[in-house]
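Beneath this line is the structure, given in structure tokens, with notes to follow.
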Amino acid sequence: MTVFRQENVDDYYDTGEELGSGQFAVVKKCREKSTGLQYAAKFIKKRRTKSSRRGVSREDIEREVSILKEIRHPNVITLHEVYENKTDVILILELVAGGELFDFLAEKESLTEEEATEFLKQILSGVYYLHSLQIAHFDLKPENIMLLDRNVPKPRIKIIDFGLAHKIDFGNEFKNIFGTPEFVAPEIVNYEPLGLEADMWSIGVITYILLSGASPFLGDTKQETLANVSAVNYDFEEEFFRNTSTLAKDFIRRLLVKDPKKRMTIQDSLQHPWIKPKDTQQALSRKASAVNMEKFKKFAARKKWKQSVRLISLCQRLSRSFLSRSNMSVARSDDTLDEEDSFVMKAIIHAINDDNVPGLQHLLGSLSSYDVNQPNKHGTPPLLIAAGCGNIQMLQLLIKRGSRIDVQDKGGSNAIYWASRHGHVDTLKFLNENKCPLDVKDKSGETALHVAARYGHADVVQLLCSFGSNPDFQDKEEETPLHCAAWHGYYSVAKALCEVGCNVNIKNREGETPLLTASARGYHDIVECLAEHGADLNASDKDGHIALHLAVRRCQMEVIKTLLGHGSFVDFQDRHGNTPLHVACKDGSAPIVVALCEASCNLDISNKYGRTPLHLAANNGILDVVRYLCLMGANVEALTSDGKTAEDLAKAEQHEHVAGLLARLRKDTHRGLFIQQLRPTQNLQPRIKLKLFGHSGSGKSTLVESLKCGLLRSFFRRRRPRLSSTNSTRFPPSPLAAKPTVSVSINNLYPGCENVSVRSRSMMFEPGLTKGMLEVFVAPSHHLHCSTDDQSTKAIDIQNAYLNGVGDFSVWEFSGNPVYFCCYDYFAANDPTSIHIIVFSLEEPYEIQLNQVIFWLSFLKSLVPVEEPIAFGGKLKNPLRVVLVATHADIMNIPRPAGGEFGYDKDTSLLKEIRNRFGNDLHVSNKLFVLDAGASGSKDIKVLRNHLQEIRSQIVSGCSPMTHLCEKIISTLPSWRKLNGPNQLMSLQQFVYDVQDQLNPLASEDDLRRIAQQLHSTGEINIMQSETVQDVLLLDPRWLCTNVLGKLLSVETPRALHHYRGRYTMEDIQRLVPDSDVEELLQILDAMDICARDLSSGTMVDIPALIKTDSLQRSWADEEDEVMVYGGVRIVPVEHLTPFPCGIFHKVQVNLCRWIHQQSAEGDADIRLWVSGCRIANRGAELLVLLVNHGQGIEVQVRGLETEKIKCCLLLDSVCSTIETVMATTLPGLLTVKHYLSPQQLREHHEPVMVYQPRDFFRAQTLKESSLTNTMGGYKESFSSITCFGCHDVYSQASLGMDIHASDLSLLTRRKLSRLLDPPDPMGKDWCLLAMNLGLPDMVAKHNVNNRASRDFLPSPVHALLQEWTSYPESTVGILISKLRELGRRDAADFLLKASSVFKINLDGNGQEAYASSCNSGTSYNSISSVVSRRDSHAWTPLYDL
């Protein structure tokens, strides 16, 4: 449902005189306070209920507003704003003050056809615009054709009143009967499908009247008029058309055609010779012909007085009928009165509904003998209708005219009842003051208090009770008003009735109290209120059920908690002897069973059939409930009335799993042991994980060995020999001896990264695709990631170790070789109870040290998803604990005082930089540990040990204590690993089954999930979770992380077929990991995005991480491509221009391989991979995906034939969606954005290529431009050519930059805004002032946290503010940026300029859609496909056929 502005319109506009009114709308002149400009305010009365006939339905109002928002034309009225209050929707419209066109023309002495056509052209122009948008007005008539200003030389026409207008969907048939009889088309009268043609008929009628002063189809009655229309019964009478030209008659004749298909269209009308003469003779003929002004003036006058004359005539006839009533026969009297009363009553009711007091007063003044107490055909007198509408002036008028205050409708309801039903407090006060009876019952026994309670009017209930209304009256079903409130869930009403002292324990005909009713229907707040006001919690209905029974039966958990909290008797038995626990066990609701047992219910009560709750659960085969009852001590040997145990019942119903469980629990000693195993012990968790990250050669392995050394062992420990730099790539040459700014370790990460600066640099110009970062590859063998070192860590080395002076750890050492990085996302940041050590070498220059640390911290940060709801300041509840360690302090001769610690002069600046970037995302220790990793007995190592021990103690104290079952599982795991054979993977469901089957049958799935999480925390197992891998347990992490991945991805593995392209057969994989089930292994590797299986090529497997070749073409040849279109994007991180975490591009390549394998069933698609890119060919379109800018961006370039723009759009969008999905799932904490490449430079193969950033588009939009300047080429490029290859069909359905709805802002973007704007600003430039600027002052009081003690984990007020504000359709990114700038928060505005999407396809052609962003940025494939599917000029090939 569309939400309009909820502010009080009077705060923004001064309302003046009434300009006009209709059945359900009043138009008043108004002035905008801020600008002084005048507008017209149209107050549309809303329909309160769907069944009501008073007011306009919400759907009709929204349709009118939607159409008005869409149209902008000089000859059509313009919508300014829309407000809404409780009763009305207020449209602020352009003020059209010139009056009706026909009134203006009637004042003229003469009028030629040429002059008339000038006005008609304006009408046609407006209708042409509407029809071009597929909008049909359906109510074109003289009253709706106005002049903007009649006092100018050439008045401008405005078409108004779009209440009946519809957007025509040619795919769906539309029929309706509406409009003014004189002007409706035959298809409306005949209830045939309607379209734009209906407006053309109306234009024909208007033209006929304009030229002649006569109406072509007007009859004496409405039925005669409609009959004339249907028969097209008209002619050009000489009296009226003697001076009319032949062309004018031909124009009318072509419009008044019964068959809509043969009727002139708006385009035909504009080209008709009468409107657009083809030669001089036609023009002169038009100028010589004249409008019949005599008749036209009479028509205008007749129209003005027509309604008044009819009313007077009818009123006179009515008066005469009253005077002669006594002289008429009964039958005659009834007939006449029925007919005439129907008319008068309709007029009265219309006046009441329209709040037209003067009109009703005038009407009743003309009907001096009319009895205003007589009811309408539904049995309702006018006074009651007026009471329902709430107009006190109307009531005063009716009472003055003789209405009885105690009049009733045919159902026995009086005015108090009607006013109460509709919630009119002031009306009730008026009626009470005028002695209207208060507690009158209608035919169903209901009073006004009943109906007020049923409709939820708490203020009315309070008022009626204050008048003295009896709150305990019962209707014919013996229900009180409190029953009504409890049934419908109106808490405020129930509270009001309780506070006035009503009897809360009255029962209805079914024996239900209000408490029973509220409990059954789940209204826990009402249950709470009733309990606090003395409701009997154990009152029962006719079946002996108390409230707790009914709540359990309906699974109303909140109600159950409330009843138990107030002391409801948990063991109450109904007439069948069933307690609430019996009901819960029969229905199988485990959470409710748990709640009842925690309330100390009796587990072994038998019902009338001798069955306990355990019998019912076993009989129904509900294993979880049976297990829990047994755990809580239920008697498994209890017998039913016919001598059967629960086990017997389970066997009889063939519930073998339940019977087996009960059989194992026959002996109490066994059950006691099982129960004891599940209880927490005093033992703390024995071990947590210690994870080490760092580049190759940073000293991770050496540091681990040193930490393991005890004092005595450290004296005898021999330092590992340092190999010569000329013989080993693990220890690169000293930076002083080689290039001063080049780090081999950073080269291991990305070729060319030696030039990466820690500060953000411009991405405006980039090196060519065949130069720069890829020049480092002379031959595959020269790539450092192919080097071999027997001492280097393979994949992830895992060992359980005791670190001397610290404690037990599961140590996970992550290799610094980039070939392994594609598997780290599943293991690096999946446990907040781990300690993460980032190790870097002081041998590197400071800039490289900082880059290395930032790289690993960015990796960890990117792996942590956004938590919802976003906390105050965007903080995380459990940030990862990180320790920074700098090694090789001895080699670099870092100064150290005698017996002291190393003193690194850059530690303060490094820590400051790290905290600025990662302080909100990671818990980084305040100290940088500078040490010699091999000196196990040094003070520096000791200080590090103390710090690790302190962190370990904090983490372990927050972990759950161990249970005997967890310890038992740990001792059993080795045998399970051995039994599991070649693969150590197990589903959680299988794990639960095995534990229950072999170790403890009473352990529930929830128990075992907690234990599995604890085992995961200790490093015994690893729980693998992602969108593709869910609840998979890795029983032996070493098997996968060290053995399988270490062998599969290692550069030491034997060469296999196509190894240079990373392409293997199943047999190759089997040879690499001979001890594994290759089929199952590939399934998990495929799910981890390490490989992609190509089923279309037999049993081939792509593993991009193993690709060695870099000799493939990485750009398009410099050839003549005059008929080709080019385009592309670059996906980059938003906040810091750092390399993407390594391994992500391998995953992108895997997903593109998988995508192409799915597309190429017929062999039409092809993909070629190399180290830092891939090339895709797909039926006339080609695509390059490249890792560029030293790993800081992923570039997607597309080219295709000029005639295949749609294919290019689809291909680019699909690949970008694939990449963004990989980013969002693999690195959920990384915010990315798309930059756009210059299509002209791509076409010219010009390097470097211009890169357009979001702020470039926003700046151009602000300047009202639709193109961007390529400063390199010296020319401009249009938005459409940059974003969608110049494809008009796609571009026309898109929103651009500032016009994109703000709800598309991702969670990561919102979290960043929370960090910027949540903290109080000394100058007040924070979220509070932003809320005021956005027109949401109520949010300030609602979310103000200044008075609260702690802000650590309060919800973010900025997030709440954006959620509220983005629910409005006019909330765009551009408005938000402008509001932030007005606030003085340029930092937040600049961030949005960097992070916002540039181009978004709108699914809804009318404008807004249900906004839901599923990616970090960009458009979705589905949206562009939907645009393509609506094109009916070509049959586009689906993407999978491209």
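Any Cβ shown, glycine's included, is placed from N, Cα and C.
Looking at 292-301, 802-811, 862-871, the stretch flagged in Swiss-Prot as region 'Autoinhibitory domain' turns out to be 292-301.
Among S333, S366, S957, S1425, the residue that Swiss-Prot annotates as phosphoserine is S333. With L19, G20, S21, G22, Q23, F24, A25, V26, V27 listed by Swiss-Prot as binding ATP, the candidate from K33, K42 annotated for that site turns out to be K42. Swiss-Prot gives the label phosphoserine to one of S308, S641, S1097, namely S308.
Of S1115, S1267, S1278, S1417, the one with phosphoserine in Swiss-Prot is S1115, while the others lack that note in the record, though it may still apply to them. The phosphoserine entry in Swiss-Prot, when matched to the candidates S728, S757, S1266, S1433, corresponds to S1433. With a cut-off of 8 Å between Cβ atoms, the residues of this chain six or more beyond the repeat 'ANK 5' (510-539) that come close are 480, 482-483, 485-487, 489-491, 494-495, 498-499, 504, 545-548, 550-551, 553-554, 556, 558-559, 561-563, 566-569, 572. A Cβ distance under 8 Å defines the sequence-distant neighbours of the repeat 'ANK 6' (543-572), meaning residues of its chain 6+ beyond its ends; these are 513, 515-516, 518-524, 527-528, 531, 537, 578-581, 583-584, 587, 589, 591-592, 595-596, 599-602, 605.
In the predicted model, the repeat 'ANK 9' (875-904) has a mean pLDDT of 89.
Non-local contacts of S289 (phosphoserine) by the CB criterion (under 8 A, 6+ apart in sequence, same chain) comprise T112, E113, N243, T244, S245, A248. According to DSSP, the secondary structure content of the repeat 'ANK 2' (411-440) in residues is 16 helix, 0 strand, 14 coil.
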